[in-house]
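A.B. asks: Here's a structure for you.
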Amino acid sequence: MPPVVKRLGRVDYQPTFQAMQDFTASRTAETPDEIWIVEHPPVYTLGQAGKPEHILRDVGIPLVKIDRGGQVTYHGPGQVVIYLLLDLSRLKIKVRELVTAIEQSVIDLLAEYGITAERRDGAPGVYVGEAKIAALGLRIRNGCSYHGVSLNVDMDLSPFAAINPCGYAGLKVIQTKDFNIPLTAHEAGEQLSQHLLQQLDQKNG
């Protein structure tokens with residue numbers, strides 16, 4: 001059974017994070033997988049490996065410490081975030097395979113618009129040249145994933161300048177708008193979720 005796709009619109013980060021934890025903690029072997037498509041109001045999230053020194057200055061944006069892997073990143077309007085609540089044991093997918101599938105979904109989406117993107121060893125996410133266009137972070141609990149991937153579409157990128165994105169000082173961050181791709185965050189979410197479903201179907205095939 002393919003995951004149930006839920007379009008939650010623009011929602012605050014903290015209750016969404018709590019809902020992911022609650023869903024994962026309460027799911028059973030029969031619980032259908034879900035994919036949530038969201039946007040968030042401005043928020044920084046600090047992963048388990050996050051170091052306070054990667055937050056360079058206070059710009060009045062709230063910071064939430066969370067349990068995904070990785071360092072600090074920014075979410076805001078005009079960026080699509082897709083959360084993958086998957087039973088990896090049931091799907092027979094390893095964590096590394098899921099990361100690769102997520103990255104490939106973004107790469108395939110951008111390729112449809114003539115953009116050549118790539119992954120990097122040891123630095124999860126998707127890059128165009130030297131700049132990062134998508135970030136990902138996951139948590140696995142009892143063989144089930146939550147958290148997911150964010151793709152910069154048409155947003156104010158300036159809050160990234162107040163952090164070392166994903167722990168990398170001076171990392172340039174870009175968005176699809178920079179390539180004159182006529183996408184809204186909503187449209188990008190719809191298209192990216194379809195690529196994710198295709199990748200998961202291939203992995204599970």
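Sequential numbering from 1, following the chain as shown.
Glycine is treated like the rest: Cβ placed from N, Cα and C.
Copied straight from Swiss-Prot:
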type	residues	note
ACT_SITE	Cys166	active site, acyl-thioester intermediate
BINDING	Arg68, Gly69, Gly70, Gln71, Val72, Thr73, Tyr74, His75, Ala135, Leu136, Gly137, Gly148, Val149, Ser150	substrate binding site
DOMAIN	29-204	domain 'BPL/LPL catalytic'
SITE	Lys132	site 'Lowers pKa of active site Cys'
A.B. asks: Please give me the CB contact count at 10 A for Ala135 (substrate binding site), counting all chains in the structure.
C.D. replies: 24
A.B. asks: Provide the number of Cβ atoms within 10 Å of the Cβ of Arg68 (substrate binding site), excluding the reference atom itself.
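C.D. replies: Other Cβ atoms within 10 Å of Arg68 (substrate binding site): 23.
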A.B. asks: In DSSP terms, helix, strand or coil for Gly70 (substrate binding site)?
C.D. replies: coil
A.B. asks: Taking the Cα atoms as reference points, how far is Val149 (substrate binding site) from Cys166 (active site, acyl-thioester intermediate) in Å?
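C.D. replies: Distance between the two Cα atoms comes out at 13 Å.
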A.B. asks: Under DSSP, is the residue listed as 'active site, acyl-thioester intermediate' helix, strand or coil?
C.D. replies: helix
A.B. asks: Rounded to a whole number, how many Å is the Cα of Arg68 (substrate binding site) away from the Cα of Lys132 (site 'Lowers pKa of active site Cys')?
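C.D. replies: The Cα atom of Arg68 (substrate binding site) is 19 Å away from the Cα atom of Lys132 (site 'Lowers pKa of active site Cys').
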A.B. asks: In Å, how long is the longest CA to CA span across Arg68, Gly69, Gly70, Gln71, Val72, Thr73, Tyr74, His75, Ala135, Leu136, Gly137, Gly148, Val149, Ser150, which the record gives as the substrate binders?
C.D. replies: 16
A.B. asks: Could you state the whole-number distance in Å separating the C-alpha atoms of Ala135 (substrate binding site) and Cys166 (active site, acyl-thioester intermediate)?
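C.D. replies: The Cα atom of Ala135 (substrate binding site) is 8 Å away from the Cα atom of Cys166 (active site, acyl-thioester intermediate).
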A.B. asks: If you run the three-state DSSP split on Ala135 (substrate binding site), which class comes out?
C.D. replies: strand
A.B. asks: Gly70 (substrate binding site) has how many other Cβ neighbours within 10 Å of its own Cβ?
C.D. replies: 23
A.B. asks: Tell me the Cβ contacts of Val72 (substrate binding site) under 8 Å, same chain only and six or more apart in sequence, or just say none.
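C.D. replies: Set apart from Val72 (substrate binding site) by at least 6 residues yet with Cβ under 8 Å, we have Tyr44, Thr45, Leu46, Gly47, Gly50, His54, Ile55, Ile163, Asn164, Pro165, Cys166, Gly167.
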A.B. asks: Taking every residue in the domain 'BPL/LPL catalytic' (29-204), what is their average pLDDT?
C.D. replies: 94
